[in-house]
Amino acid sequence: MIIDFKLTYPSGTATAHLINSFHTPQGAKLAKKQVRTLGKFFSFSFLWGFFQWFFTGGDGCGFVNFPTLGLKAFENRFYFDFSATYVGVGMICPYLINISLLVGAILSWGIMWPLIGDRKGDWYSAEYPSTSLHSLQGYRVFISIAMILGDGLYNFFKVLGHTIFGLYHQIRDKNSRSVLPVGGRTSSPTDSLSYDDQRRTQLFLKDQIPLWVAIVGYITIAIISAATLPHIFSPLKWYYIVVIYIFAPTLAFCNAYGCGLTDWSLASTYGKLAIFVIGAWAGASHGGVLAGLAACGVMMNIVSTASDLTQDFKTGYMTLASPRSMFVSQIIGTAMGCIISPCVFWLFYKAFHDLGVPGSQYSAPYALVYRNMAILGVEGFSSLPKHCLTLCYVFFIGAIVINGIRDIVGKKWARFIPLPMAMAIPFYLGAYFTIDMCIGSLILFIWEKIDKAKADAFGPAVASGLICGDGIWTLPSSILALAGVNPPICMKFLSRKTNARVDAFLT
């Protein structure tokens, strides 16, 4: 992938250039300033999260429920929720992503859902609450899924086409040799390589991981997974896992190769494929929903690890790092994750009783989407509300058409066409986080107009500080919740009419 095919791996290469730039006098000086900037905004974000906590003493309280654009807009999830995290994410994400999110929010919560809501009693039963999948929530979730699947399938076949085309040319090239960082052979750099590349190749191949270690390790992990996972998820039979592990290496190779060409990991698409295949195989009567979701987790872990690790190997290749040291570090990090991740989940699960509930602070939106994909794969389309399937077809085809137009018009005009995948996310989440992210984009845009050099140098540090500080505050807030320490104030907003009724009731 890295030496013979010379794949780009843009993210890994960019990371390597950033690391290499730190090891120059000018780069070291800039890095110190960036760290100081990150520390300042980390402290600000952490203290802002601490300040907000005092006003969240009840359901629907606090700055996260501030109706900045009015109560009617708030009902349709259009408001700024003062989240430092999303403002920081907006500063990091490209402008097109943020604009696409806003377009999706306006199209769904501004136009479609109010219109479909007016059809209550006709298109869906008025007996169901709006959060039921048999009512308005069904349109929100399944139309969003249709767009995500349309975008995912388009990019899957696009990247697969790039992969097959690239592999065809690599195999046709007689000078190519099959040397990867795992293997038992050595390769001498060709004369056409620069001295730097020769040096990188020499160091990269010196610490190879023997091929038998890779094969034995994979088989061992497959046996452990097949033996343990059915005890955790009983509908996921051992032979489902064996089938996944048989086909996963081919898909992992395609994902790693495609990621090297396009910087796009399609792990979630392969996970959705596992949901539908394993879910349909198991069937509704044998826990197909749970089996499909568990299979999705297994497939995504295998396939995403392949592309992520190869990105890291590319960074190591560019920075003269030992691939063996990197791989050992990955193993140590994974082992730590096996302990830390469940502990963090347990902390959230015990501290926040509405974890995963739609509309709560930690709603876990993708959990709802993937679960309903599994239901769709097992039960079919019979559970959808009226006209929902027709709208799903329209948006599925629309996502493919928009992507096709983006590729046809070229990069110059594609930057003005929104991305269907980004548009789909606010369809079921709402517009609040898109407004936060657009504000982050606006801050960066104005900063670039005033001083582009400083914005380029310190923008990522500011964004990272905002994200990290807000994220770290979650840990002490969870500990306070576990200890039974509740916020002292509930800041809530009412309309004038409702407020008069409340005053009259209290009187």
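Including glycine, each Cβ sits where the backbone N, Cα and C put it.
What TrEMBL records for this protein:
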- 41-66: transmembrane segment (TRANSMEM)
- 86-111: transmembrane segment (TRANSMEM)
- 209-232: transmembrane segment (TRANSMEM)
- 238-261: transmembrane segment (TRANSMEM)
- 273-306: transmembrane segment (TRANSMEM)
- 326-349: transmembrane segment (TRANSMEM)
- 388-405: transmembrane segment (TRANSMEM)
- 425-447: transmembrane segment (TRANSMEM)
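The stretch in 209-232, 238-261, 326-349, 388-405 that contributes the largest number of Cβ pairs under 8 Å to the transmembrane segment (273-306) is 238-261. Within its own chain, the transmembrane segment (41-66) is flanked in space by residues 74, 79-85, 88, 361, 461-462, 464-470, 472-474, 476-477, 480, 486-493, which lie at least six positions past its ends and keep a Cβ under 8 Å from the stretch. Counted over residue pairs separated by six or more positions, the transmembrane segment (209-232) shares at least 3 Cβ pairs under 8 angstroms with the transmembrane segment (238-261), which defines the two as touching. Residues 138-139, 142-143, 145-151, 153-155, 158, 381, 417-421, 424 of the same chain lie 6+ residues outside the transmembrane segment (388-405) yet bring a C-beta within less than 8 angstroms of a C-beta in it.
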